[in-house]
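A short worksheet on the structure shown next.
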Amino acid sequence: MAAQPLLRILCLAGFRQSERGFREKTGALRKALRGRAELVCLSGPHPVVDAAGSEGARPDSGPCPPEEQPQGWWFSEQEADVFLALEEPTACRGLEEALETVAQALNKLGPFDGILGFSQGAALAALVCALGQGGDPRFPLPRFVILVSGFCPRGLGLMEPIMQGPLSLPSLHVFGDTDGVIPSQESMQLCSRFDGAVTLTHSGGHFIPAAAPQRQAYLKFLDQFAD
């Protein structure tokens, strides 16, 4: 019997995560989905200069390799390299470059069956799906999307494509009851914009869970896309 082909999933990192750091953060998930899915990690296009103490930051002040440089998808202030998910931004600086980065990855690294996003990456993934459903040729709709600690992006019309109408692709929304960065109600609001959304809650905080109970939920969700 031939082996089941792997589902290919483009994974969008959170804010202040380096490419290497995000690969490490998704290591448990990659192990949980071994033999079922291939995870291709992508970090944002913008270096986050003031990232001391953040995910992926080095303890010294010396230069770090590109794969270890903390990155972001866009910033919520015009001058500062910051992102505040729960506040109305004064700008969405760098967003178009973020969208172009995803478009290039889809074109050059694809095809992909699904998209997974974490935190800011989940907000971007939702926006990409909304733009694709609205006819943006850069973003053909994936077969599914997995949004971990997601939220509706704020500012400069970002929320409108998501709020205009229900998104009609299968979605799994993963969030923690004690997430102090993205409160669960933010993830639930995003979840409400998808038809037939599936939720996976856990008792933890701001991370991608991959223990046995979550593994079964991921596999059950992905089973419907097995060829």
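Keep in mind that glycine also has a Cβ here, set from the backbone N, Cα and C atoms.
Now, the feature entries from Swiss-Prot:
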- S119: active site, charge relay system (ACT_SITE)
- D179: active site, charge relay system (ACT_SITE)
- H206: active site, charge relay system (ACT_SITE)
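Annotated features taken from Swiss-Prot, shown on the structure.
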residue	record	DSSP (3 states)
S119	active site, charge relay system	coil
D179	active site, charge relay system	coil
H206	active site, charge relay system	coil
Spatial neighbours, same chain, of D179 (active site, charge relay system) - Cβ under 8 Å, 6+ residues apart: S149, S187, G204, G205, H206
Chain-internal residues near S119 (active site, charge relay system), provided their CB is under 8 angstroms and they sit 6+ positions away: G14, F15, A85, V148, S149, G150, F151, V181, I182, H206
Count of other CB atoms lying within 10 Å of the CB belonging to H206 (active site, charge relay system): 16
